[in-house]
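Per TrEMBL, the features are:
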- A:Cys115, A:Cys118, A:Ser119, A:Cys120: Fe(3+) binding site (BINDING)
- A:23-204: domain 'Nitrile hydratase alpha/Thiocyanate hydrolase gamma' (DOMAIN)
Amino acid sequence: MSDHHHGHGDDHGHHHYDNHFTDMEARVKALEMVLTEKGLIDPAAIDAIVETYETKVGPRNGARVVAKAWSDAEFADWLRRDATAAIASLGFTGRQGEHMRAVFNTPDTHNLIVCTLCSCYPWAVLGLPPVWYKAPPYRSRAVIDPRGVLAEFGLELPVEKKIRVWDSTAELRYLVVPERPEGTEGFTEQGLADLVSRDSMIGTGLALSPEAVR
Amino acid sequence: MNGPHDLGGQHGLGAIAPERDEPYFHADWEKRALGITLSCGAFGAWTIDESRHARESLPPATYLAASYYEIWTRALETLLTRHGFVTQTELDAGHMLEKGREAKRVLMADMVAGVLAKGGPCDRPVQTPPRFVVGETVRTKNFNPETHTRLPRYARAKLGVVEAVQGGFVFPDDNAHGKGENPQWVYTVVFDGREIWGEGADPSLTVSIDAWESYLEHV
């Protein structure tokens, strides 16, 4: 929609995957009315679901996982071997996080997560996916032109850096552990978590430098 | 199926256009669509695989023009009518006109936290040992079923290397069509970018998929 501010100004070939307000409003209203009258849904349950993903389950969960992995070598090792259990130990479990894998960026390799076939995303640690993650441009291009995709996020990687794209075609859900930024020695886990953006855990960004958040 | 959802490698779909400080929802109906979809999933009348297949079976022009919550909503209408919970006439009218099928479970507000925290694990024991080992070069199958599959077109008939044996999981190609869970081993298979995209491929690129055992052949 024109009232949204996108990070990039190029509107050529730009599709609006978040519109159709009025048509869909009516359609969803009808659906909710019919189901409620039949006693098949509880409108208060819908409120509770929305509240969960607006206030409880979001990328701050993932940031805590990453910060702990940066600060605690034993936890990082656990996360590498059994991400589902390591993440559950911090209290993050459940829907679209049942089978987790953590993939670690290294000086040699940058990891990028996509779901070309639908919208698979690690809800338990990142919450609901952003619109672009579920939309055709990202899903089509991430596997064939990841450098072009990253450039649109303002991320230019050195040519010698290898790029590994993980297409989430099964029920495994991936969390990227970005590299720990320089100049963060002695940071608390909370201080480190503040440097971990959602995009850095998808692979469309890097962790922020301490200067960037100051 | 070779549907509109199988997008890997397609051209011409435009810029990514990430939105700064994107809200979780862009309209109230999206919140309701999320909640209704999850609530109806709790009936237990269909599987996540059948839901995915309902979404990818939307007409291509509709699918490609729709936001994801619209895709979910349209697919949910299909599932609800297919399984006898509502009729199209009721959806058009916006009111209940007949009783319809009852749900085995209705998600009430006080159940939400527990249900979301539990999720729906789909790992299952597999009786046979894995046919492929880590480090083995394998070829993905060449097939084009009209039914549900999770082997993307770009990764068919390609040579890759098994990087991990991830465990046994419900086989979506069967489960989406009510043929049972028939769990199989799932492998992470990694491909060189040049094997997939050929000439002009980014030489620094590798791509992996998670592949059910029957998607793979010995080389």
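Note: Cβ is positioned from N, Cα and C throughout, glycine not excepted.
Structural mapping of features recorded in TrEMBL.
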residue	record	Cβ contacts under 8 Å, 6 or more apart
A:Cys115	Fe(3+) binding site	A:Tyr121, A:Tyr133, A:Arg139, A:Asp167, A:Ser168, A:Thr169
A:Cys118	Fe(3+) binding site	A:Lys134
A:Ser119	Fe(3+) binding site	A:Pro129, A:Tyr133, A:Lys134
A:Cys120	Fe(3+) binding site	A:Gln96, A:Ser168, A:Arg173
